[in-house]
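Taking it in order: structure first as structure tokens, then the write-up.
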Amino acid sequence: MDEVTISLENLKINDRETVVGLSIIEEKGNIKNSVEVNSGLRQWNLTLRDISRDNSIVDVDKVPTENGSAAKSTKKKSKRKKKPKNDLDTETMQQESGPTPLASLFKGRLYPVGQEVEYRDQNLYRTTNEEKRYLDNMNHEFLQDYRHGAEIHRRAREWARQNILPGRSLIEVAEGIEDNVRKLCGHPGLEEGDNMKGGIAFPTGLNLDHLAAHYSPNTGNNTLLSKDNVVTVDFGVHINGRIVDSAFTLTFDPTYDELLEAVRQGTDTGIRETGIDARLGEIGEAIQETLESFECTIRGKTYPIKSIRNMNGHDIRRWQIHGGKSVPIVKSNDQTKMEEGEVYAIETYGSTGNGFVREDYETSHYAKAVDGTKNVALRIQSASKLLNVINKNFGTLPFCRRYLDRLGLEKYSLGLNTLVSKGIVKAYPPLADKKGSYTAQFEHTILLRPNVKEIISRGDDY
């Protein structure tokens, strides 16, 4: 029997917005004619003909009576022009004032659920264990923070895909992504402590060609994108310290399609193998087997695609982008197991070069060490002042020089170098394969919930 499902979360009834959790199922030959919608203390009785199929706006010709029952309205129904599915997002992005804070669009903090995947084989019992399902549903704040951040990431990367073009400067792209994230979060990050509530989780990585990671343009960088570039976009969003880390690679030339497809499939393989009790070394072996089955022909020469063996995925903890566990992308003997409740960034890197990266170029990424302030005396005033700014605005979240410039800091280089030399702050230089090679990355954040794994950052794009 054919089945059509209409899921509605945001309804506008007689020009008043209400949020509900509502699913209407229309079976062929067995149509459910009406549904009841609870809105605050009132109850609405809607017929299927009242509900438009664009899943966003509903016009009804029934209003509640004082006792809550439905009565006919004398107001004539107005016909609305049907919009494409993504019109709201696109129009919002194009407004001069920037996108609307997401929290104002999702009342009650009910954000879109990521892709839910059942655990495989030996872990199938988890999907039918009622106690685990109950505990999973209880952790509302944890899930909604992550889903909030993931939806912001999806919308910000939509802007990125539309605006990363040949001729654009890296500074323009990086600041555009970051401004969109801040506006969608509703936290500009200019007031002391505002960025700790929600915003950028780490500097936007714009890694070109042989650069694989940790490259974000510093102030004054004049690099322009060209049509021959392979561009990896790696950025994070946090809500209350819960970090969504996701990355993708794009090009302007189909020559590099096989490189991108290899890495995309490698990441999907890693996601498939991820789960409670999965061994990290076995995940890496599966990723390598998938990724290295591809090759790429560039300007008449064929290159084997290699996993970058000294790059890894990682677990994520609150306020810590790298939690302590590493997920290899090549075969290893690591028998460490993933555990229930953990959050992982599953990412893979492929290269047409050596498959090995080294530190190169000017550093932009920094982060305060988790235990970096223990038993360290600071005698340089600029270092003490800078550490105070870092503690109040970033904590242990990574930052870059542009963020310090944005806060109005000046002449902080001595203080920053002092903090790095004493181990209070760690520097993360760009990582690059050999010049002339090309690298790519795809990454998603995965929640290992008790009953399912949720690919929180999954979108229609990747």
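Please read every residue number as a count from 1 along the shown chain.
Quick reminder: no glycine exception, Cβ is built from N, Cα and C everywhere.
TrEMBL entries are annotated by machine, without manual review.
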TrEMBL divalent metal cation 1 site partner of ASP245, GLU443, selected from ASP234, ASP257, ASP433: ASP234
Given TrEMBL lists ASP245, HIS314, GLU443 for divalent metal cation 2, the same-site residue among GLU282, GLU347, GLU359, GLU410: GLU347
Spatial neighbours of ASP245 (divalent metal cation 2 binding site) that are distant in sequence (at least 6 apart) but have CB under 8 A: ALA201, PHE202, ASP234, GLY236, ILE316, ILE321, ALA345, GLU347, GLU443, THR445, SER457
Candidates HIS214, HIS314, HIS322: member of the binding-site residues with the richest Cβ shell (10 Å): HIS214
Cβ-based isolation winner (fewest other Cβ atoms within 10 Å) among the binding-site residues GLU347, GLU443: GLU443
Divalent metal cation 2 site shell beyond ASP245, HIS314, GLU347, GLU443, criterion: Cβ within 8 Å of Cβ centroid: SER246, ALA247, GLY313, ILE316, TYR344, ALA345, ILE346, HIS444, THR445
Rounded mean pLDDT for the residues that make up the domain 'Peptidase M24' (146-355): 98
